[in-house]
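Quick look at what Swiss-Prot lists:
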| type | residues | note |
| --- | --- | --- |
| BINDING | ASP21, ARG22, ASP23, ASP29, CYS30, PRO31, TYR32, THR63, ASN64, GLN65, SER66, ARG113, LYS114 | substrate binding site |
| BINDING | ASP21, ASP23, ASP139 | Mg(2+) binding site |
| ACT_SITE | ASP23 | active site, proton donor |
| SITE | THR63 | site 'Stabilizes the phosphoryl group' |
| SITE | ARG113 | site 'Contributes to substrate recognition' |
| SITE | LYS114 | site 'Stabilizes the phosphoryl group' |
Amino acid sequence: METVRIIYVRDNQTLKTVFVDRDGTINRDCPYCHELDDLQIYDDTVGILKHYQGKGYRIIIVTNQSGIGRGYFSMEEFRRFNDGVVNRLLDLGVKVSATYFCPHRPDEGCSCRKPGIGLINEALSDFRVDIGGSLVIGDRDDVDGQLARNLGLPFRIVSH
């Protein structure tokens with residue numbers, strides 16, 4: 001298994017980008033979320049994302065999904081749930097350009113698992129990003145905050 005991407009909107013513009021965590025940041029974090037019945041979007045995060053989108057930022061989700069590597073849910077189940085998240089955000093006025101996710105278990109030592117920068121490197125290969133004007137948003141300083149520090153980017157923590 002390798003880093004996987006789902007690109008929803010491709011563009012050729014160089015844009016500042018919000019790299020945002022999914023579980024616990026955009027939606028309620030349930031153990032190995034993959035059922036649409038469990039999907040609960042946080043309104044405050046939607047407001048934050050709409051703020052940045054209104055200032056011209058691109059929105060990209062970056063998320064660790066070890067439930068795939070552990071066999072708790074399939075790649076298809078992940079995609080269905082993630083599409084549900086992205087579609088709900090779109091209904092609420094937030095356009096997500098892509099999702100980059102690490103399907104590996106933490107003990108596999110991959111280069112894509114946050115707080116490593118592999119997911120961001122993949123995004124940089126697919127999109128033209130004004131990295132100096134970009135930021136990371138997440139709910140965990142030890143993962144999302146460390147990702148931001150590894151990239152030299154600002155970090156905005158959310159808590160619910």
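Including glycine, each Cβ sits where the backbone N, Cα and C put it.
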Nearest-integer angstrom distance between the alpha carbons (Cα) of ASN64 (substrate binding site) and ASP139 (Mg(2+) binding site): 13
Fewest other C-beta atoms within 10 angstroms, as judged across THR63, ASN64, SER66, which are the recorded positions: SER66
Cα distance (Å, whole number) from THR63 (site 'Stabilizes the phosphoryl group') to LYS114 (substrate binding site): 8
Most Cβ neighbours inside 10 Å, all chains, among the recorded positions ARG113, LYS114: LYS114
From THR63, ARG113, ASP139, the recorded positions whose CA lies within 10 Å of that of ASP21 (substrate binding site): THR63, ASP139
Least surrounded among the binding-site residues, given as ASP21, ASP139, when other CB atoms within 10 Å are counted: ASP139
Spatial neighbours of ARG113 (site 'Contributes to substrate recognition'), counting only the recorded positions ASP23, TYR32, THR63 and Cα distances within 10 Å: THR63
Neighbour-count leader, CB within 10 A, binding-site residues: ASP23, CYS30, TYR32: ASP23
Cα-Cα distance, maximum over ASP21, ARG22, ASP23, ASP29, CYS30, PRO31, TYR32, THR63, ASN64, GLN65, SER66, ARG113, LYS114, record's substrate binders, Å: 19
Candidate recorded positions ASP23, TYR32, THR63, SER66, pick with smallest Cα gap to ASP139 (Mg(2+) binding site): ASP23
